[in-house]
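K.L.:
One structure, as C-alpha cells, below. Some questions next.
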Amino acid sequence: MPKRGKKKVEDEVLPEEKEVAEPEPKKAKKSGAKTEKEADGPILYQDPPDKLTAPSGKKYTLKVTSWNVDGIRAWFKKKGLEWVCEENPDVLCLQETKCAEKQLPAEVRDLAEYPHKYWACSDDKEGYSGVALLSKTKPVDVTYGIGEEEHDKEGRVITAEFPSYFLVTAYVPNAGRGLVRLEYRQRWDVAFRSYLQGLAARKPLILCGDLNVAHQEIDLKNPKGNKKNAGFTPEERDGFTKLLEAGFIDSFRHLYPDTPYAYTFWTYMMNARAKNVGWRLDYFLVSKDLLEGLCDSKIRSSALGSDHCPITLYVAV
C-alpha cells in the first residue's frame, strides 16, 4: 500500500469502462537498496509452446480466443485484427467493444473469415460495455443475456450453442471505484452461476471473457495493497470460488497451478505493462466433462492492442 499522503494509482480510473486499476508499486527502502529481482528488472511471463494434445491423448478440435479489446474501434486501429488473423481461432470472443453494430469498422463487420457474427451492447449507455462472438461455423442457436432483466441491460453476455457444447462469452460487471457496485456484483455472481449451471446440465460448457476478478494472490502483482479494491475483494473472490465449486474448472490454473506473473490486464498508467504489474482477469472456465479434452490454456501476453492481452483455449470437444 502506498505511504500516507502518496497519490494512489487505484484512485485513477480510465473513462467509463476501466474500473480496475493497479496501485503504484512500493518505493524502495530508504537505504536505496533494491531486491535482487528489482535489480534484474521486471519478471515477464513467457508463454510456453502450445500443447495441441491433452494428457488423455485427445487432439484439440476447437480453438477459441477471447480478448477484452477496450474499445473495438481503437483496437482495430492498433492492429488487433491483424493479430487475430494470425492466431486464426475457430471462434473469437470479444469484450468491452464499446460500439454499436452500425458503428463497427467495415473491416470487422465484413470479416469473411468469420461469417457468423453476433454483437451485444448496452441498452442505455452508448459506448459502454459490449461483447461479441465471431465464428467460422454457424451455431445451432445464439442468445443474449442470462434471462434476468436486472442483468441484461448492459450487453454483457452472449451464449452460442453448438452441437456438442455451449460457449458463453461474458464481460462481468466490476464492483467499481469505492465498491459502489459490490452489492450488485454479488447479485450478478449468484444469477450468472445459476445460469451457467442450467446450461451445463444440458451439454458441456466453455465460459470465456473478462470475469473482473483476480481469484488468488498469485493472480495479481500486488495482492496486499488490493484486498479492499474492486477485482480483489473477498466477496468477488468468494463468488469465483463458488463458481468453481459449482463444477467449473479454471483451465489455466488447472494446467499451470503454480505459475506466477501470468497476468492479462495492466493499467495504462505508471508503465505497468512494461513492469508486468498486472492482474489475471481473463479466463477460460470449462465444465468438468471437458477436462479430459483440455489441451492448453494460453495467455498471449506479448499481443498488443488493448490494456488486456488475448487468451486462447485448445480443447477437444
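Glycine residues also receive a Cβ, built from the backbone N, Cα and C atoms like all the rest.
Below, the features straight out of TrEMBL:
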COMPBIAS  8-26  compositional bias 'Basic and acidic residues'
DOMAIN    66-308  domain 'Endonuclease/exonuclease/phosphatase'
BINDING   N68, E96, D307, H308  Mg(2+) 1 binding site
BINDING   D210, N212  Mg(2+) 2 binding site
SITE      N212  site 'Transition state stabilizer'
SITE      H308  site 'Interaction with DNA substrate'
ACT_SITE  H308  active site, proton acceptor
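Give me the lay of the land around each of these features.
P.N.:
Every protein chain shown contributes to the tally, and the Cβ of H308 (Mg(2+) 1 binding site) ends up with 25 other Cβ atoms within 10 Å.
The Cβ neighbour count for D210 (Mg(2+) 2 binding site), using a 10 Å radius over every protein chain in view, is 28.
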K.L.:
Here are the binding-site residues: N68, N212. Which has the lowest count of other Cβ atoms within 10 Å?
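P.N.:
Output over binding-site residues N68, N212: least Cβ neighbours within 10 Å is N212.
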K.L.:
At a 10 A cut-off on CB-CB distances, which of the binding-site residues E96, D307 has the highest count?
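P.N.:
Of E96, D307, the one with the most crowded Cβ is E96.
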K.L.:
Rounded to an integer, what is the Cα-Cα distance in Å between D307 (Mg(2+) 1 binding site) and N212 (Mg(2+) 2 binding site)?
P.N.:
13
K.L.:
Cα-Cα, whole number of Å: N68 (Mg(2+) 1 binding site) versus D210 (Mg(2+) 2 binding site)?
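P.N.:
Their Cα atoms are separated by 6 Å.
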